[in-house]
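**Q** Dumping what Swiss-Prot says about this protein:
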| type | residues | note |
| --- | --- | --- |
| TRANSMEM | 27-47 | transmembrane segment |
| TRANSMEM | 69-89 | transmembrane segment |
| TRANSMEM | 106-128 | transmembrane segment |
| TRANSMEM | 157-177 | transmembrane segment |
| TRANSMEM | 212-232 | transmembrane segment |
| TRANSMEM | 254-274 | transmembrane segment |
| TRANSMEM | 279-299 | transmembrane segment |
Amino acid sequence: MSTRLIIPANFSYDDPLPFTCNQDSHVMLSILEYLVQATYLSVSAVLNSMIVYTIFRCKGKHSYRRNPFFVLYAAEAVMNVYSCVIEVLFGRLIIYMTPLCPALSPFFFTPSILTKLYFLLNHYCLAFKTLSQIAISFNRMTCVIFPVHHFKLWQNILAPVLVSLFVLPLGVTWNILVSRVYVNPNGAGFSVNYRDAVAWANISFLHLFHCIPCLFLMIVFFLASIFGLTMLENRLRSAERSLIIFTMTLGVETMLFAIAQIYFAFLAGYLPGIRPLMLLISFNVFDVLYVYSPIALILMNRQLRRDIFHLKGDDPGFGFTKFPVILVEMISDSSPHLLIINLQLV
């Protein structure tokens, strides 16, 4: 068998696609790379699990579950937990634990439900996270632009937004369902790929239906948020710098993924020289997002940090008092009456 996977021009869905694993001259380095990635992905999964548990554990009039921002974040966090866990247990394992390649790869030379589900759910989660960043950015923009009506607005649109987040990513995965998913050599390990059954509906092209609106809307929402903040007095504006950095970082990371998908859909044949860079961005941008988002949210939100780690603080009970005022509004989505109370407490 060849160390390169050669796909015949005409092959049936059930035909085996065998290959021989490449020799790894740096086995320990590959294993170390896996352990490093498994460590930070595991940390992300644990932190996101703790955030989701805290969001749904707390009850009361001003619980996290009444907060549209936290509900949106919890939906994305569930996807992040799944993505991190499956990458640690399968995706990164088969790439970097190179001694396993000769033993494991033959199980996937023929069609496998495991690789099909892995590949399908991976792209479902990518599409979900692209859309969720649009929703979260819109949520934060409305906090600044419509602070008084923001909470009522999201009471009306939260359910349709959540349904859309879970339904729309199916538009990316339908071609995978009818396509042949296979494994191919990746360095001295192997990874999962597919041969599209519908040629025009490749994955990068289908992702564009989310990525292009994402690029446009994220820019619009960010500029609108900046404009809204400039209308605030200096004291409140300075209190929002950390949140703007947080929002901007999430947006930039998601837009990098969108740019990479646009490249693979339209520009790969014209700019082959930057293909390695685009592959690097596609593979790593969400790793940064997985780790950054829970850590930044926990560090930024003092009350959430206390509830997660059961820390004692000066603030009694469950609430968001003594926070920077717009940070309270953007993170807690409190009612206008609670906003006035918080303004008095600051």
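Cβ coordinates are placed from backbone N, Cα and C, and glycine is handled just like the others.
Please situate the listed features within the shown structure.
**A** Same-chain neighbours of the transmembrane segment (69-89): 37-38, 41-42, 44-45, 48-49, 51-52, 55-56, 118, 121-122, 125, 128-129, 132-133, 135-136, 139-140, 158, 161-162, 165-166, 286, 289-290, 293-294, 297, 330-333, counting only residues six or more beyond its ends whose CB sits under 8 Å from a CB of the stretch.
When Cβ-Cβ distances below 8 Å are used as the criterion, the transmembrane segment (106-128) is approached by residues 13-19, 76, 79, 82-83, 86, 90-91, 165-166, 168-173, 176-177, 180-183, 190, 192-194, 203, 207, 210, 257, 286 of the same chain, each at least six residues removed from its ends.
Among residues of the same chain six or more beyond the transmembrane segment (212-232), those with a C-beta under 8 A of the stretch's C-beta atoms are 130-131, 133-134, 137-138, 140-141, 144-145, 240, 244, 247-248, 251, 254-255, 258-259, 262, 326.
Sequence-distant contacts of the transmembrane segment (254-274) (same chain, six or more residues past either end, CB-CB distance under 8 Å): 126, 129-130, 133, 202, 204-205, 207-208, 210-212, 214-215, 218, 281-282, 285-286, 289.
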